[in-house]
Amino acid sequence: MAYMFDDYPAQQIIVAILVCIAAVTGLLGNILVLVAVGLSRKLHNVTNAFVTSLAACNLLTCLTIPYHMATILGDPPEKLGACKFFAGVLISTQIVSLITLTLIAVLRAFLVCGKQSTYLKIYTKRNVGVMIALSWVVPFLAVFVASVTRMAPLAFNEKYSICIVETSKSGVASLVAGIVVGLPSLVIIVVCYSLIFYFIRKHHAEMNRTLTSLNGSATQKGSEAVTDNKTSHQHLTNPENNHHSTPTKKAARRKRSFAERNMSERQTKVNRNLFIVVCAFLISVLPFCIAIISPNINAAIPWCAVLLMSNSAINPVLYGFFHPYFKEVFQKIFTGKFSEIPMMPSVVSRLASNVHSSPGVMSDCTHTKSCDNYL
């Protein structure tokens, strides 16, 4: 007997509730990311250009979810045109999101592991704009062409009770999408973050060796100074000079301890964020990619789709709340301290100043050390 999602009403309700939770969370989170970027020029850099595109894409995905939930829990849609439209938007935005995540991974790999000159040549304003534009145009165009040519016609899918791809063609379309987009993106993202992780570990190991060597030299010099002081008649007659050796060793130890602690904290934070990014991507995307290219596991696809849709809610957390500058702007927004948002655009800054009667904020990138890759 062929699998039909309608045959499992309890499953339909649970899936609908989970997807709606993801939609509401993603809607609020992605709007917050877009507002934060609009309010602070401190967030205007290359990476955040892709993050903003990702937030817009995920926001569009979340806006289509109520329509799809209505088709899952209710009757098949009467207007086929609306069904095709929402199906096209849902499929296209998922592909855009996957491509954007891949572009972010490649960007970070170039930024961390590559030469700065190469990075600056590739990620110019024009090139970044072209990348973002193509990441949107190509998926929407591909979905449109596939539907028009009947390779993957957009329609109401009776098997899963959702507007996506015609039932008779959904298996082949999913297989092609998984092989052409899903798995390559997955491989690229894992490889890029693995390279970043390896590079950071190697870099910190080199820093640790260099720091140990420098501190060893400083300690040795301090010991030599102590020996010279003990044999010097001038120091014997002038005891006030004997204090120089102890502060030298203490200062070296303090410097080493402070540097090692900072380096350890930095390494732990970077490794943690990389681990979270990769794990979240694998958990949300990998099951769906495997499900759509594997035969005879139709019953797992709705649950894998829930994980895939939850990626729209997870992304703002990963690329927003874990970013210190985003976190700073979010805190100002939540507390209503808009006039304290760093590097606010001049028009918004004047409005905030008028409302809160507080001094203006910086608007020049040269006033902060955090203007890397400023666009």
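Here the Cβ of each residue, glycine as well, is placed from N, Cα and C on the backbone.
TrEMBL labels come from automatic prediction, so no person has curated them.
Per TrEMBL, the features are as follows:
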type     : residues : note
COMPBIAS : 216-240  : compositional bias 'Polar residues'
COMPBIAS : 246-256  : compositional bias 'Basic residues'
DOMAIN   : 29-319   : domain 'G-protein coupled receptors family 1 profile'
REGION   : 216-263  : region 'Disordered'
TRANSMEM : 12-37    : transmembrane segment
TRANSMEM : 49-73    : transmembrane segment
TRANSMEM : 85-107   : transmembrane segment
TRANSMEM : 128-152  : transmembrane segment
TRANSMEM : 172-200  : transmembrane segment
TRANSMEM : 273-294  : transmembrane segment
TRANSMEM : 300-322  : transmembrane segment
Of the stretches 49-73, 172-200, 273-294, which racks up the most C-beta pairs under 8 Å with the transmembrane segment (128-152)?
49-73
Remote residues contacting the transmembrane segment (300-322) - C-beta distance under 8 A, at least 6 residues beyond either end:
5, 11, 15, 18-19, 22-23, 25-26, 29-30, 32-33, 36, 51, 54-55, 58, 61-62, 65, 94, 97, 101, 104, 160, 273, 276-277, 280-281, 283-285, 287-288, 290-292, 330
Beyond the flanks of the transmembrane segment (49-73) by 6 or more, those residues with Cβ under 8 Å of it:
5, 12-13, 15-16, 19-20, 22-24, 26-27, 30-31, 33-34, 37, 82-83, 86, 89-90, 93-94, 96-97, 100-101, 103-104, 107, 128, 131-132, 135-136, 156, 161-163, 309, 311-313, 315-316, 319-320, 375
Do you know the mean pLDDT across the domain 'G-protein coupled receptors family 1 profile' (29-319)?
80
